[in-house]
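Enquirer: One structure follows; several queries about it will come next.
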């Protein structure tokens, strides 16, 4: 399943990020890609050795960790270090699949269950640059407001179409979920959403408590910690 997570960054945060990224040192995006991806990748990424990068990636991690909807949808166990990319002048990233595992500075290795893109450019400021994701439900074309995030299974083939006008800037990362199976994770997310909706309409009740108990027992049964 694909999820739109709005308002991960405020407009003020986005503006500050963009101002700082204007001062960043950008390098060839293929430095973080395997042999297959390098054949179809043509973009730029912020140099991960810079002090600015270290500060910005920490801010992204803090923002997603504090976002309740992101947590409910992803049920994250491990987050990769966020990266930042830029597309302009017809740069693109052809169809590819993300690697199943990635190195992690604290945990050694992590499994990539989910991929996330946090948009940092207003969609009206550039042409092209759509994230195209192919999954079992068909093809999805994504171009979200700045500050919003899209979350989708890392097993999906996906690409970024050529940016023919303006500049597309984003942050991206991978998540190892406590729930490995996409279908089980989606069921838990739907159950959680319905519990929250019922609580907002009717307040606390024995029935809602029973559903909450069911949610946590399923999470206990399925989670890998």
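Keep in mind that glycine also has a Cβ here, set from the backbone N, Cα and C atoms.
These numbers come from a predicted model, not from an experiment.
From Swiss-Prot, here are the annotated features:
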| type | residues | note |
| --- | --- | --- |
| DOMAIN | 78-177 | domain 'Fe2OG dioxygenase' |
| BINDING | 96, 98, 158 | Fe cation binding site |
| BINDING | 168 | 2-oxoglutarate binding site |
Enquirer: Could you please provide the mean pLDDT value for the domain 'Fe2OG dioxygenase' (78-177)?
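Expert: Reported value for the domain 'Fe2OG dioxygenase' (78-177) is a mean pLDDT of 96.
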Enquirer: Which entry in the list of binding-site residues, 96, 158, 168, has its Cβ near the fewest other Cβ atoms, using 10 Å as the limit?
Expert: 96
Enquirer: Helix, strand, coil: count each for the residues of the domain 'Fe2OG dioxygenase' (78-177), based on DSSP.
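Expert: Going through the domain 'Fe2OG dioxygenase' (78-177) residue by residue, I get 3 helix, 60 strand, 37 coil.
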Enquirer: Cβ within 8 angstroms of the Cβ centroid of 96, 98, 158: which residues besides those meet this for the Fe cation site?
Expert: 37, 95, 97, 115, 154, 156, 157, 159
Enquirer: I need the CA-to-CA distance for residue 98 (Fe cation binding site) versus residue 168 (2-oxoglutarate binding site), whole Å please.
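Expert: Cα of residue 98 (Fe cation binding site) to Cα of residue 168 (2-oxoglutarate binding site) measures 20 Å after rounding.
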Enquirer: In whole Å, note down how far the CA of residue 168 (2-oxoglutarate binding site) lies from the CA of residue 158 (Fe cation binding site).
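Expert: Roughly 17 Å, rounded to the nearest whole number.
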Enquirer: Between the Cα atoms of the residue listed as '2-oxoglutarate binding site' and residue 96 (Fe cation binding site), find the distance and write it as a whole number of Å.
Expert: 19
